[in-house]
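A short worksheet on the structure shown next.
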């Protein structure tokens, strides 16, 4: 057998020779080929004599390290599969051609001995695989589809061979010595044809993961000591500085150090519009740099990268089992033995009660029962749909943790959205800067002290506030500073800065005492708000947080800060509601702010002032109302709530895909992908149900027909050749139906 | 109705015995459990040998699948509870490492779910 190992510690060609020779010395090794750039050794050896440990110790004996390479030789696997397909094709062509000859021969009265030769070739060359699968299975006391085909075709072939070689013997038993070689040959031919098409179709089901693997870059251009060198992707380490030019693939995850560009992340997030990135922004390996050139620092490499984690997640989800599959498993564990029993019953009943020629009818009907039964369609019904569905999701930035999550998602009738960061952008921005004079001009007239401030400009308010906030760490401070920076306002020097948690900040700017904070701060400092409180209340009712700025004991202006609603939130909420799904918002904000945001996006039910640790309990309360709940959050702060919902949906930041508590992770921040995920689940489930209906319905309907239940009423019998055709079609139809999932719009 | 001929009686009796045998042969087999310490080779040929293995909870166990059967169905092994699906090249060895945290019985099967094996975690 062949095995690929990872070899660590090789630097030069002589290392390669050394490793090769060391492995070759292991008794039982027939061939070794070591690659320095790939750091691998391909070893061919005799399984009886050699195991991995022997190779490891041979390599470590000369000072290198060997390890098993995961996914080793996927190219070899591909080649082997193609070879298998070619072999299968040859068998199909020969069997069907011989079958046609025999069929034509039996019409025109051909020589039975010639038929016997052709049929023997097909039975034991083309059909060898069936025997090879059946005999060891019988040793395990298990039965499978091959068992049924082997028994069925052997019975037809065996009888025909005896009828050809010893016609007298058969005639003596009162049976017409008529061989049925066309049955055994065409049944094998058609079943192999079905397998050929099924194998071809099946290759298409795992296309998505192959595409993901294909996204991985092969090399990276590292900047070191002022020089740029191309290195294989495996050699890139964290902290390496990498340069990316326009049109190139970004090799690993990292953070932009210099330059900027527009980056196409559609392959990861499913979002078709390229994202603009600047210094400090994160980039994802596997995405494509469109326009600019930049350098960035690698932060995640190898199996830690977002892409590697997505591949792992998708692979795992495709291997998992949907709950609906459990019942199928139970049925299929009894299926083959039951079919064999039905075949025996068919033979006995036809032989004992059937019309003349009873034996021949009994034989042909028994063969038909064995051949028509198709356990493989049942076995393929669920997994093929799951593999295609999960793959389709990954293409759209919807990462499904397991088949169970995909199955549950279609039952959702309530979606709870966390507010901050999910419905909103999660970053407060300055929405209003209001001068006292603008908001309430008369106040200036009433109070002479205010007059000075009426002359102040809007920029001054923002400048003073930003100068003060420079020293603060409050999240609102960042919004004000950013606004001032974006408007290119020069900040002033602050003296005697002091922050009072729960109130605000203060300091001296140009000898003026300046306060910035909430109403409590103003009250504490005995600064009059006058009728401006109406304006403050108005802003607050819009969900904004209002900060007041006073200069020299007088109110100078207001700055309102709010978290903005994401662009597509309203549309997504409306669509969900149209689908008959109740949308609920959950937030730690006060009711006023919460209601304001809810109104903006059209959400009717709001759970406000819920502390992070209470979210889980709120989710459970809603479940207790009998709802199937999806909780949508960022997956970090609300992990317990996500885990307790029927399904947790994490809106990823695009960097943390392996969110454990979430059944579904959405790479994109667009809320519409929640709808896509539910749609995907609905469509996958529809495909699974359709597949199961066909697979079961097919067996339930046609096995009795093959047994001959229609014969007493309509004189209808099922020819075993038709049975094999139908059975081949059933597997193909199930796989093809799953493939149709690739085309659905979500 | 006339008298049922001898051959028909024989066919009926042999058939009935066949039914009983089939039921017994496939559905009443005793599972032989192989206790595994650290690593086990499972030969994939017409099924899995050993078919039932028992391993310890919380310990990493290496399972090497060695496929010697060209049946297409066996070309993939699926351990759904561990979310593992691996292609098995013919005459190749594919290692799967599991570290179960729950005890119980976990099945594995070929991709068409026709051949089965079981991992018992104790």
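The backbone N, Cα and C atoms fix where each Cβ goes, and this holds for glycine too.
TrEMBL: automatically predicted annotations, no manual curation.
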Annotated stretch (transmembrane segment, per TrEMBL) among the listed ranges A:69-87, A:88-106, A:202-220: A:88-106
Per TrEMBL, the range holding transmembrane segment, considering A:359-391, A:392-424, A:425-457: A:359-391
Stretch-level contact, the transmembrane segment (A:178-197) and the transmembrane segment (A:334-353), CB cutoff 8 A, at least 3 pairs: no
Annotated stretches the transmembrane segment (A:334-353) and the transmembrane segment (A:720-741) touching (3 or more Cβ pairs under 8 Å): no
Counts by DSSP class (helix H/G/I, strand E/B, coil) across the domain 'HMA' (A:1-67): 22 helix, 23 strand, 22 coil
Other parts of the chain folded back onto the transmembrane segment (A:359-391), taken as Cβ under 8 Å at six or more residues beyond its ends: 144-145, 148-149, 151-153, 155-156, 159, 173-176, 178, 180, 183, 187, 191, 198, 202, 205-209, 314, 317-318, 320-322, 324-325, 328, 331-332, 335-336, 339-340, 342-344, 346-351, 400, 403, 406, 680-681, 683-684, 687-688, 691-692, 694-696, 698-699, 702-703, 705-708, 717-720, 723-724, 726-727, 730-731, 733-735, 737-739, 741-742
Folded-back contacts onto the transmembrane segment (A:112-131), same chain, C-beta under 8 angstroms, at least six residues removed: 91-92, 94-95, 98-99, 101-102, 105-106, 146, 149-150, 153-154, 157, 160-161, 163-165, 179, 181, 184-185, 188-189, 192
Same-chain residues near the transmembrane segment (A:720-741), Cβ under 8 Å, at least 6 residues beyond its ends: 152, 156, 182-183, 186-188, 190-191, 193-195, 197-198, 201-202, 204-205, 364, 367-368, 371-374, 376-377, 380-381, 384-385, 387-389, 392, 683-684, 687, 690-691, 694-695, 698, 702, 706
Within the predicted model, mean pLDDT of the domain 'HMA' (A:1-67): 78
